[in-house]
Amino acid sequence: MNLEKTATEANDIMLVRSSHGRGRARVTHAVVVIFLEFFAWGLLTTPMLTVLHETFPQHTFLMNGLVQGVKGFLSFLSAPLIGALSDIWGRKSFLLMTVFFTCAPIPFMRISPWWYFALISVSGIFAVTFSVIFAYVADITEEHERSTAYGLVSATFAASLVTSPAIGAYLSAQYGDSLVVLVATVIAVADIAFVFFVVPESLPDKMRLTSWGFPISWEQADPFASLRRVGKDSTVLLICVTVFLSYLPEAGQYSSFFLYLRQVIEFSPAAIAAFIAMVGILSIVAQTLFLSVLMRTIGNKNTVLLGLGFQLLQLAWYGFGSEPWMMWAAGTVAAMSSITFPAVSALVSHSASPDQQGVAQGMITGIRGLCNGLGPALYGFIFFLFNVELNDMEPAAGRPSSIEKSVIPGPPFLFGACAVLFALLVAIFIPDHHRLADVKTCSTRKSSGTATSHAQNSSPLATPTSDTEDIEPLLQDSSM
């Protein structure tokens with residue numbers, strides 16, 4: 001009796017500690033981590049353009065696409081493994097790892113540009129911060145709060161870019177690029193220290209393993225295995241195709257758009273910083289105020305469709321725009337299109353059980369990682385194919401503009417608009433939120449009864465199970 005009483009008391013203490021640990025974790029922790037990481041990189045916007053051109057004076061757009069492409073493809077390969085491991089051993093250790101390796105290349109911008117670009121490429125193995133952050137947020141929020149929390153995290157990304165490019169451009173003009181790199185390095189170190197000393201673990205103790213000997217199958221770590229299983233579930237396939245077609249042009253645009261504004265549209269560094277600030281401020285409003293209202297009024301699916309519609313208009317405007325004012329106008333539309341990803345993340349999160357958020361978000365992040373590999377390389381190749389090159393960092397006055405001779409100044413953006421159009425058509429067939437909630441309940445029942453084969457086979461929506469599929473319930477449901 002005494003042993004039973006002692007064991008019961010120990011179990012109660014563990015549960016209390018778990019609940020207290022869960023209470024200490026806040027969405028603000030995720031917000032601070034994201035803000036510091038991308039603020040540091042935002043400072044480097046202007047120095048990056050200079051270093052990129054000096055390192056690759058020939059075919060700058062193409063080489064930029066290849067560097068970013070390798071990073072994105074490595075992220076695609078590693079995202080499922082990191083997501084699955086964070087579900088087992090907790091979020092904090094993997095959050096520390098992703099932030100450290102994502103920020104590691106920053107000081108090498110001045111030490112050795114070649115090492116800088118090499119480390120950027122290799123850092124893609126761990127550059128999945130958003131995957132771990134979204135899983136962290138899912139651990140500490142209720143389902144009805146999750147879309148708002150995701151919007152806040154995404155808005156923080158935009159907020160980090162509101163002032164940092166302008167600050168970086170000012171410091172670069174006044175004191176040189178070395179100071180900018182130093183400041184960015186200090187902020188990156190502060191972010192790493194914040195994760196290590198301040199950020200608490202979000203995953204309850206009872207959901208984590210205390211041993212590091214838990215086996216992870218190769219199939220579970222294989223990103224292509226996840227893609228193969230996606231084809232077995234029509235709804236998951238629709239979501240993944242939508243993410244791929246919409247994020248492919250976004251990844252390509254993100255990697256080359258500032259170069260495009262500088263060279264083709266002839267924006268000054270100050271104008272580029274102001275443009276980023278404007279889009280960032282509007283994105284914050286869109287992802288905090290408008291996203292919450294839209295999710296409550298028109299639902300999850302329609303919010304995704306609306307975001308895709310804005311993205312289609314934005315890319316078409318970028319593709320045909322030849323004047324600076326057109327870019328500014330398209331930038332306002334781009335801010336509204338930023339609601340797409342948090343809405344999709346909320347849709348995926350609602351379909352996954354509480355202990356599988358890392359796997360679910362890792363799957364979507366893996367697809368985005370694949371786009372981060374293909375998008376920049378594809379955009380760089382299209383720029384190269386249409387002879388759009390970065391010849392001079394400072395356009396000479398009176399230089400004839402190449403855009404006056406071209407009907408389509410930005411061919412890659414027009415290609416992106418076509419991809420988003422297909423994404424919009426695919427997203428129309430995604431089941432709505434009400435059907436999603438019903439199946440999630442069924443999925444929860446199945447996951448709670450994995451100890452018996454009867455529980456695994458009780459739902460007609462379940463596919464034949466395996467060890468890997470037990471860990472990824474999202475891929476078992478044939479509808480959402």
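From the backbone N, Cα and C atoms, a Cβ is placed for every residue, glycine too.
Worth saying up front: this structure is predicted, and the values here are computed from it rather than measured.
Mean pLDDT across the domain 'Major facilitator superfamily (MFS) profile' (26-435) comes to 80 in this model. As annotated by TrEMBL, domain 'Major facilitator superfamily (MFS) profile' applies to 26-435.
What TrEMBL records for 27-49 (among others) is transmembrane segment.
The transmembrane segment feature in TrEMBL is assigned to 61-82 (among others).
For 94-111 (among others), the entry in TrEMBL reads transmembrane segment.
The transmembrane segment feature in TrEMBL is assigned to 117-137 (among others). Long-range contacts of the transmembrane segment (117-137) within its own chain (CB-CB distance under 8 A, at least 6 residues past either end) are made by residues 25, 27, 29-30, 33-34, 37, 55, 67-68, 70-75, 77-79, 82-83, 86-87, 91, 94-95, 97-102, 104-105, 108, 146, 149-150, 153, 202, 345, 349, 357-358, 361-362, 364-366, 368-369, 372-373.
Annotation source TrEMBL lists transmembrane segment at 149-173 (among others).
The transmembrane segment annotation in TrEMBL covers 179-199 (among others).
If you look up TrEMBL, you'll see 236-261 (among others) marked as transmembrane segment. Tertiary neighbourhood of the transmembrane segment (236-261): same-chain residues 45, 49, 52, 60-61, 64-65, 68, 72, 227, 230, 267, 271-272, 275-276, 304, 308, 311, 315, 318, 327, 340-341, 344, 347-348, 363-364, 367-368, 370-372, 374-376, 378-380, 383, 388, 390, 410, 412-413, 415-417, 419-420, 422-423, 426-427, 429-430, 474-475, 477, 480, selected by CB-CB distance under 8 Å and a gap of 6+ residues from either end.
Positions annotated as transmembrane segment by TrEMBL: 267-291 (among others).
As annotated by TrEMBL, transmembrane segment applies to 303-320 (among others).
Counting only same-chain residues 6+ beyond the ends of the transmembrane segment (326-348), those with a CB under 8 A from a CB of the stretch are 134, 146-147, 150-151, 153-154, 158, 239, 242-243, 246-247, 261, 265, 267, 275, 278-279, 281-283, 285-287, 290-291, 294-295, 300-301, 303-304, 306-308, 310-311, 313-314, 317-318, 320, 360-361, 363-364, 430, 433, 436, 474, 480. According to TrEMBL, the transmembrane segment annotation covers 326-348 (among others).
The transmembrane segment annotation in TrEMBL covers 369-388 (among others).
The transmembrane segment annotation in TrEMBL covers 408-430 (among others).
As annotated by TrEMBL, compositional bias 'Polar residues' applies to 447-466.
TrEMBL lists 447-480 with the feature region 'Disordered'.
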> Restricting to the same chain and to residues at least six past its boundaries, which positions have a Cβ under 8 Å from a Cβ of the transmembrane segment (408-430)?
Replying inline: 235, 238-239, 241-242, 244-246, 248-250, 252-253, 256, 260, 264-265, 301, 304-305, 308-309, 311-312, 315-316, 318-322, 347, 378-379, 382-383, 385-386, 388, 480
> Out of 94-111, 149-173, 369-388, which stretch touches the transmembrane segment (179-199) the most, going by CB pairs under 8 Å?
Replying inline: 94-111
>> Please determine whether the transmembrane segment (267-291) and the transmembrane segment (369-388) are in contact (criterion: at least three Cβ-Cβ distances under 8 Å, sequence separation 6 or more).
In response: no
